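Here the structure comes first, spelled out in structure tokens, and everything after it is commentary.
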Amino acid sequence: MADKRFFGTKTFPNQEKALKAKIMNNDAFISWIEKNLGHRPKDPALFLRAMTHPSHGNSDYQRLEFLGDRVLGLVIANWLYDLFPREPEGKLSRRLNSLVSGASCASIARIVGLPQWLRLGKQARDDGAAASDNVLGDVMEAMIGAIFLESGIEAAGKLIHKYWAPLVTGQESAPKHPKSALQEWAAAHNRRPPVYEIVSRTGPQHNPCFTIQVSIAGVGEASAEGSSKQEAQTAAAQALLDILAQ
């Protein structure tokens, strides 16, 4: 179990009391955690907090997400280190970055049925936060953080190994980042480096949508959307690579 001298969360009595009152009688929520995440909550309010978006109130998932992100990274990094003993650091890093990405975490969140339990403010719900990869990825990491706090790295690792296994074993080779691949294509064909431009930014602050265009002079261009500039750039680079491969 995690040592709470180091990992304990700061709580506020009135908020904690309200959270516990709201969840203690919700057997369906507790049963869902036990069935899908393999963990019986000792403190249901901790897991309710992991499901609470900042738009809903003060006691939200952000601190738990911060912790869960590090736990996920450590477990995956150790897994890859053991699984691919001959791979250099660069290839391991590319595998890791793909496996802990927001899109990967969001895909797991959907598999376990997490969206139905999200606690969102009205505006966030109306804006589609329940379908946002950013939000779902963060909440999945927050749940990992909550399990770590209650039962330690072994319990969190068991969950991660169960749901990330298809992603880990599905990587036949270390994935090359689309932006790097496009850069290499341009260099190999004596072209100028790709240029990325922001076409637009729409949506609310908690669920933005960026449209990015990438172009290689004299070759072509492609556009794509993403919930962050980096995500949109990656998608645009992949779109242009797909065009070049035709």
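The backbone N, Cα and C atoms fix where each Cβ goes, and this holds for glycine too.
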Say Swiss-Prot lists Asp138, Glu141 as binding Mg(2+): which of Glu65, Glu87, Glu89, Glu197 is in the same site, per that record?
Glu65
In the domain 'DRBM' (177-246), averaged pLDDT is 90
In the chain carrying Asp69 (active site), residues 6 or more apart in sequence that have Cβ under 8 angstroms from it
Val100, Glu141, Gly145
